[in-house]
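J.: After the structure tokens below, expect a handful of questions from me.
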Amino acid sequence: MPKSSPAAERDPAELPPLGRQGPATFLALVGICWTVFAAIVLVRWVTSGEDFTPVPRLGPDVMPDWRLIALRIFEAISLAVLAAFVWYCVVRPLRTTGKIGLDGKFVIGGLVCFVVDGFLNVQEYLFAWNSANVNRGVWVRFLPFHNPDAPTRYAESLIWGPPMYVYFAAGVAIVACHEANRVRRRWPDISKFQLLVAIFVFEFLFDFVVENIAIRTTHAYAYAKTYEPLTLWAGEVHQFPLYESFLVACVGCMFTWARMEAQERPLGQSPIEVGAERWRSSLAPHVRNFAVIGFCILTLALLYHLPFNWLGVIGTSYADLPSYLMPSP
């Protein structure tokens with residue numbers, strides 16, 4: 001009878017640890033898959049013909065001039081904010097150091113992940129878009145899980161839409177970390193949990209105020225169908241689901257946590273990028289970059305889009321929308 005080896009007879013409790021390799025490789029794989037997927041979706045959309053054309057303004061309802069002016073101001077401010085983030089977080093670091101820090105990677109990740117916005121209406125028309133938005137239609141028809149009965153012609157904003165994926169993620173994280181450092185200098189004994197709770201409350205209120213101002217003044221968008229028990233002003237054009245601010249705050253806290261962790265590490269390496277050093281030096285920077293994109297898409301999909309769609313699909317509160325917020329036939 002063959003004898004078992006000493007390694008086979010070892011007590012499981014005495015097994016050597018597997019070691020922590022870090023999430024960078026897995027997140028980078030997710031980031032690469034998402035980037036390729038997003039590129040395919042955009043190429044199919046751009047080359048589709050009718051789907052890549054502006055949606056006609058729908059009547060009979062007409063936006064008042066003051067509201068249209070407010071929409072254009074909202075678009076201009078959004079572009080200016082996005083340009084500022086790209087300059088200070090991406091362009092300037094590249095010019096001075098030849099590298100992009102975590103903030104710049106968050107900005108790029110947010111823009112790459114904007115394609116996921118199409119999933120808002122992949123099953124039903126849950127998120128209403130104003131046909132006066134600067135737009136080229138929408139790419140929803142080219143996304144997986146698209147319901148054939150769901151609308152495919154509405155005015156996804158190309159001006160104020162992408163910046164939201166930057167300032168509600170990277171922007172909130174930058175401001176929150178700055179304020180958290182001030183709080184820690186004043187109250188050195190405050191815990192990280194207490195800080196994150198305070199940041200969550202701030203981000204909830206920030207989103208609630210910004211979105212309600214935008215919705216009520218510009219009619220740039222609306223929440224067409226929501227879960228009524230968690231909806232304020234149900235049935236109105238400006239009905240607002242409280243879970244929107246809750247989910248946005250969850251997303252913001254995840255980005256803030258990653259940035260806070262990076263600040264506390266000697267090399268400034270975020271927990272997202274741990275494990276990239278195991279790759280050879282020529283590949284490690286690319287692994288880090290795609291790992292951040294992977295983190296961005298997983299955070300946005302799992303903490304925002306999936307719960308938002310679920311609550312919207314089971315919802316029963318329909319907004320009283322003017323025709324210019326309805327999808328085109």
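Cβ atoms here come from the backbone N, Cα and C positions, even for glycine.
This is the feature table in TrEMBL:
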- 26-46: transmembrane segment (TRANSMEM)
- 66-90: transmembrane segment (TRANSMEM)
- 102-120: transmembrane segment (TRANSMEM)
- 164-181: transmembrane segment (TRANSMEM)
- 193-215: transmembrane segment (TRANSMEM)
- 240-258: transmembrane segment (TRANSMEM)
- 287-306: transmembrane segment (TRANSMEM)
J.: Between the transmembrane segment (287-306) and the stretches 26-46, 102-120, 193-215, 240-258, work out which stretch tops the count of Cβ pairs under 8 Å.
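T.: Answer is 26-46, with the largest number of Cβ pairs below 8 Å.
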J.: Pairs of Cβ atoms less than 8 Å apart decide it: which stretch in 26-46, 66-90, 164-181, 193-215 has the most with the transmembrane segment (102-120)?
T.: 164-181
J.: Taking a Cβ cut-off under 8 Å, which residues six or more beyond the ends of the transmembrane segment (164-181) line up next to it in the same chain?
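T.: 78, 81-82, 85, 89, 103, 106-107, 109-111, 113-114, 117, 195, 199, 202-203, 206-207, 248, 251-252, 255-256, 258-260, 263, 296, 299-300.
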